[in-house]
């Protein structure tokens, strides 16, 4: 977790990201789901027994940079997250998280929805 905080403190919006490379299939990922709008894949540093990301194929650096016309796309990410959670057997529940900016723990500046499950989640999360 400390490693992710350190990454978030130095990460900045702009430029190509690892997620862009995954979308273009330049680097491998354990893909769970793909359609014309988004991609879901397992996190390389899981924070729960099941931890995957859902990302839009359209580049949006962070939620605060989203436009009104991104509303449907952002909602689609949540629906895909729900469907993937069901497909992965997360019947007892799961958590969906979007990190925003350095204080929010955002380490990659390409909007992404974390879906975590497979254990009891703690509250408060941070």
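From the backbone N, Cα and C atoms, a Cβ is placed for every residue, glycine too.
Since this is a predicted model, take the numbers as computed values, not measurements.
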Co-listed AMP-binding residue [Swiss-Prot; alongside 43, 44, 105, 106, 107, 112, 113, 114] among 99, 122: 99
Annotated motif 'Histidine triad motif' segment (source Swiss-Prot; candidates 110-114, 115-119): 110-114
Per-state residue totals over the domain 'HIT' (18-126) - DSSP helix, strand, coil: 29 helix, 25 strand, 55 coil
Contacting positions for the motif 'Histidine triad motif' (110-114) when only residues 6+ beyond its ends and CB under 8 Å are counted: 17, 19-20, 43, 47, 51-56, 59-63, 66, 74, 77-78, 81, 95-99
Winner by Cβ contact number (other Cβ atoms within 10 Å) across the recorded positions 72, 99, 106: 106
Same-chain residues at least 6 apart in sequence whose Cβ lies under 8 Å from residue 30 (N6-acetyllysine): 41, 42
